[in-house]
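These come from Swiss-Prot:
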- Arg48: NADP(+) binding site (BINDING)
- Arg125, Ala126, Ser127, Ala280, Lys295, Pro296, Ile297, Pro298, Ser299, Arg321: FMN binding site (BINDING)
Amino acid sequence: MSGNTIGNVFRVTTWGESHGGAIGAVIDGCPPGLGLSEQHIQAALDRRKPGVGAFATPRQETDRIEILSGVFEGRTTGTPIALLIRNRDANSGAYDGLRNIFRPGHGDYTYFKKYGLRDHRGGGRASGRETAARVAAGAVAALVTAAAGIDVLAYTIALGGVSISESGTTVNRESLANPLCCPDQEAARRMTGRLEEARNAGDSLGGIVGIVVRGCPAGLGEPVFDKMDAQLAGALMSIGTVKGVEIGAGFAVAGMKGSESNDPLSPGGFLANASGGILAGITNGEQINMRVACKPIPSISRSQKTVDREGNPVTLSIGGRHDVCVIPRIIPVCEAMVQIVLADFLLRQKAVTL
């Protein structure tokens with residue numbers, strides 16, 4: 001299986017399956033001398049670990065990080081950093097009845113068609129459990145971006161059809177200090193109601209995550225095929241639940257006039273930001289704004305039609321332990337992927353300028 005590595009200079013490879021012994025990441029290209037501890041990575045992992053919140057999977061993984069290499073006396077050495085997270089609460093027996101059945105909305109069918117076999121235990125490599133390794137790697141990337149003054153923040157824009165009032169809503173760490181990472185408290189209350197309804201109905205919900213990048217310098221990004229927006233979108237789309245990414249005004253530009261979509265400049269800087277902080281694939285120094293559409297969790301207890309490996313029809317109701325919605329656990333995953341892309345471009349920029 002290829003496609004497990006992202007990055008050119010700051011390179012991250014993740015490995016492991018949902019019900020294997022462990023998952024983890026190897027980071028190559030991290031500069032030496034950065035202060036790095038297990039506590040720093042653990043703080044990021046604790047934001048996405050399972051078993052936290054009323055609507056999260058009851059799978060109780062501690063997600064304790066272990067740094068195996070690349071750090072000496074609390075500082076990165078410049079050699080590959082190996083990160084390990086042991087799986088301690090896998091309940092593989094809950095998936096025995098799914099060995100020969102394809103779950104709707106999952107990668108079961110496509111993995112089987114590609115490889116001729118699949119790990120039916122929680123989705124194997126296709127499981128959202130893999131994203132814990134991304135979050136761990138993103139915490140390391142955040143050290144690189146923080147040194148450049150960059151701050152990445154993701155938050156809930158919409159959940160189950162309830163959207164925040166973006167006009168006048170302040171997005172900062174203080175306003176997001178709630179279980180749904182939602183800056184609009186009234187919207188968060190209604191979102192919680194939708195989650196309760198979906199859980200009681202044996203169903204799940206999707207949502208939209210917003211991402212803002214502040215303090216990003218102008219000049220990052222590589223034309224033509226390695227444009228900043230192309231790499232950010234690709235990194236975010238690599239998250240299993242993500243089905244769409246908008247940058248800046250996104251799809252709304254299709255209904256605009258050029259006079260509306262162009263961002264005028266003045267001696268003091270840009271007067272608008274429909275571009276979302278990126279022009280011609282290169283950052284312009286303005287805030288990078290993104291929106292990420294996340295599909296509902298496909299594992300639901302409601303009856304669904306599917307087939308088995310022989311093509312026979314099956315009616316399936318999925319047991320096991322599952323979230324009602326990927327939000328808010330997906331939020332640190334989105335932040336991590338953006339951090340990894342930005343760290344890579346920061347280091348690449350050092351190779352093209354004196």
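Cβ coordinates are placed from backbone N, Cα and C, and glycine is handled just like the others.
The structure, with features from Swiss-Prot marked on it.
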residue	record	contacts (Cβ under 8 Å, 6+ apart)
Arg48	NADP(+) binding site	Asp63, Thr131, Ala132, Val135, Arg329, Ile330, Ile331, Pro332, Val333
Arg125	FMN binding site	Met1, Gly16, Glu17, Ser18, Tyr111, Asp119
Ser127	FMN binding site	Glu17, Ser18, Gly240
Lys295	FMN binding site	Gly105, Gly206, Thr241, Val242, Lys243
Ile297	FMN binding site	Ser204, Leu205, Thr241, His322, Asp323, Val324, Cys325, Val326
Ser299 (FMN binding site): tally of other CB atoms within 10 A of its CB: 20
DSSP three-state assignment (helix, strand or coil) for Arg125 (FMN binding site): helix
